[in-house]
């Protein structure tokens, strides 16, 4: 059985729990809830857990280093489990995708996302799979304040559906491969 390291990006602490920038943590928490895998073990400068899901051995990781240092945590876990970049799936928020949309991608730049920038620096590559959870862009104001703000009330009302769609995309990526998953989820 192959193994996957599935990483949700976010910032630690209750202050950030419902912020847009924590969409990766939220998806990972939803996956943990659905799969029964507890993400409570302190390891790799983060919280981790492991188990079987989608016919794979999966290692779940929520770096607790703050977003701009996430790469350290991910690099530690990849080394420990002796996994390669092809075994890595990163879940993160994306300003360039409207709220409610979930898109899949292999490789690419960081697009100004500090978590992805840290991963590129620590891993020396961006050649890994991503689940991009759309948070949209602010109509007015600063992007930093926008991503660090909680989801709006109307967004919260449909957030569970977005998280479930993200988990469905992840499951299809693992079971049926990235091309099939991209053809379905990127067309939505």
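Using N, Cα and C of the backbone, Cβ positions are placed for all residues, glycine too.
Predicted, not measured: the structure shown is a model, and the values here were computed from it.
In the three-state DSSP reading, residue 11 (site 'Discriminates between blocked and unblocked aminoacyl-tRNA') counts as coil. With a cut-off of 8 Å between CB atoms and residues at least 6 apart in sequence, the same chain places 19, 21, 22, 66, 67, 148 near residue 11 (site 'Discriminates between blocked and unblocked aminoacyl-tRNA'), listed in sequence order. Residues or ranges marked as site 'Discriminates between blocked and unblocked aminoacyl-tRNA' in Swiss-Prot: 11.
Residue 68 (tRNA binding site) counts 13 other C-beta atoms within 10 Å of its own C-beta, drawing on all protein chains shown. Mapped onto three states, the DSSP output places residue 68 (tRNA binding site) in helix. Positions annotated as tRNA binding site by Swiss-Prot, on the basis of sequence analysis: 16, 66, 68, 114.
For the recorded site, residue 21 (active site, proton acceptor), the DSSP three-state label reads helix. Here Swiss-Prot flags 21 as active site, proton acceptor, drawing on sequence analysis.
The site 'Stabilizes the basic form of H active site to accept a proton' annotation in Swiss-Prot covers 93 and rests on sequence analysis. Residue 93 (site 'Stabilizes the basic form of H active site to accept a proton') carries a strand DSSP state (E or B). Same-chain residues at least 6 positions away in sequence with a Cβ under 8 Å from that of residue 93 (site 'Stabilizes the basic form of H active site to accept a proton') are, in sequence order, 9, 20, 21, 22, 23, 24, 113, 132, 133, 134, 135, 147.
Residues near residue 114 (tRNA binding site) in space but far in sequence (CB under 8 A, at least 6 apart, same chain), listed by position: 67, 68.
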